[in-house]
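Peer 1: Okay, here's the structure, questions in a sec.
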Amino acid sequence: MRVTIFGTGYVGLVTGACLAEVGNEVTCVDVDAGKIARLEAGEVPIFEPGLEVLVRDNRAAGRLRFTTSAAAGIAGAQLIFIAVGTPPDEDGSADLSHVLAVAHTIGAELAEPVVVVNKSTVPVGTADRVRATITAALAERGAAIAFDVASNPEFLKEGDAVKDCMRPDRIIIGSDSAQAVARLRALYAPFNRNHDRIVVMDVRSAELTKYAANAMLATKISFMNEIAAIAEQVGADVEQVRLGIGSDPRIGYHFIYPGAGYGGSCFPKDVKALEHTARSHGAEPRLLAAVEAVNAAQKQRLFALLQQHLGDLAGRTIAVWGLAFKPNTDDMREAPSRTLLERLWSAGARVNAYDPEAAHEVRRLYGERSDLALCPDAYAALDGADALVVVTEWKAFRSPDFERIRRTLRTSVVVDGRNIFDPAAVEAAGLAYYGIGRGRSVRRPD
Ligand code: UDX
């Protein structure tokens, strides 16, 4: 099939590469000429396992093209995906200007019938607005061309995006057009193996499904972070509690890891956007507001633990392992590390940080500064540092040499923001251990 995708961010690029991989002719369109030039030169602008090979091979095979020309993308396309960003507006609502700009371009350029598919995470009712925008643009030039608008939200996880796209656990198609559903079913047939993963529903339900999924996952995390706070106070270990509740299949082991708070491009933005949608339709989203508030507090937790152990942090140096919002990505959007770094700097502390992938993003965000050293490896970050904080649970951090950590740090303390260490092993090496909800921070530091 001839498929065009507007937007070469995470979603657009991964979707385009995977659709090309199974034999479609895919054109990716982006207004960012620099990005398109890099992609044309075979350079993938994001770190995502497996993506570079997929882009390179499919470009070489002639199935994947990149262009800044919307007209070239629209001409001859059977399916047009909209996968552009929906950043939050100041009030937390999703900014639809990019989505609607693409819809207008489609209406201005369309020459033959097409199915337009919203893949961007968009508030309920956006498909109607896309339809109206295309219709108006067609009317402006006196054209009458049939088109459908469907909703097909993505559920990709950064770091696993290629795998999630190639082997999705569900494919949601929101459409009231049998023809559009048939075309999307055919497109997704290569990914719909073993059992039928396609769920067809009305457009609005599909739009809400995406928000509900992310809000539910964010709720699980905030719930566990709240239980962790209780465990801390009562002297229980939330890691034991996690295993105890996860064994109930109705609860499950997934997404109940307490930590430094959720970050990334989806959860913070989508929880706020859903709250906004609810309010603007007269509903009172009490739970969502609490999920968000718990997360905001959780992002302060690591700073509070450091302060508790070290007192005044002015003039201290803190070693930070992991900066990306989660492992296997270089993405720093809403990363808990940012809250920690900014609080440390305003308290007058210095940061020695190491992340396997995100250093360049941190440099882009914060520039060169005298109170930030981006170190070449994890142990280098310990030199001259008073404490070690683990913010992102990269695999390489899981079994460190605790003796070496104790010998190198000026003050023997480890703050484990992801509960990846065995507290007994850390303490056996002569280090004080603080985790999240492990009943330890209520002790007096020795
Ligand atoms: C998420 C959804 O999982 C995905 O389906 C959707 O399409 C986009 O948003 P992503 O943002 O890539 O994906 O990351 P995810 O792996 O879901 O993690 C989100 C955040 O939650 C991270 O900051 C992670 O550290 C945190 N998290 C996750 C926890 O703190 N505890 C957990 O148990 C799970």
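The backbone N, Cα and C atoms fix where each Cβ goes, glycine too.
Positions annotated as active site, nucleophile by TrEMBL: Cys266. Positions annotated as NAD(+) binding site by TrEMBL: Asp30, Lys35, Thr86, Thr121, Glu158, Lys269, Arg333. Annotation comment: TrEMBL describes Phe155, Leu156, Lys157, Glu158, Lys210, Phe255, Ile256, Tyr257, Pro258, Gly259, Gly263, Lys326 as substrate binding site. Under the heading domain 'UDP-glucose/GDP-mannose dehydrogenase C-terminal', TrEMBL lists 319-423.
Describe each of these features in terms of where it is and what it packs against.
Peer 2: The local packing around Cys266 (active site, nucleophile), expressed as other Cβ atoms within 10 Å of its Cβ over all shown chains, amounts to 24. The secondary structure of Cys266 (active site, nucleophile), as reduced to three states from DSSP, is coil rather than helix or strand.
Every protein chain shown contributes to the tally, and the Cβ of Glu158 (NAD(+) binding site) ends up with 24 other Cβ atoms within 10 Å.
DSSP assigns Lys210 (substrate binding site) to a helical segment in the three-state reduction.
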Peer 1: At the Cα level, what's the spacing in Å between Phe155 (substrate binding site) and Asp30 (NAD(+) binding site), rounded?
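Peer 2: The Cα atom of Phe155 (substrate binding site) is 21 Å away from the Cα atom of Asp30 (NAD(+) binding site).
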Peer 1: With the substrate site defined by the record as Phe155, Leu156, Lys157, Glu158, Lys210, Phe255, Ile256, Tyr257, Pro258, Gly259, Gly263, Lys326, how many Å span the farthest pair of C-alpha atoms?
Peer 2: 24
Peer 1: Could you check which of the binding-site residues Thr121, Lys157, Glu158 have their CB within less than 6 A of ligand 1?
Peer 2: Lys157, Glu158
Peer 1: List nothing but the largest Cα to Cα distance in Å, as a whole number, among the residues Asp30, Lys35, Thr86, Thr121, Glu158, Lys269, Arg333 that the record says bind NAD(+).
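Peer 2: The span, Cα to Cα at its widest, is 24 Å.
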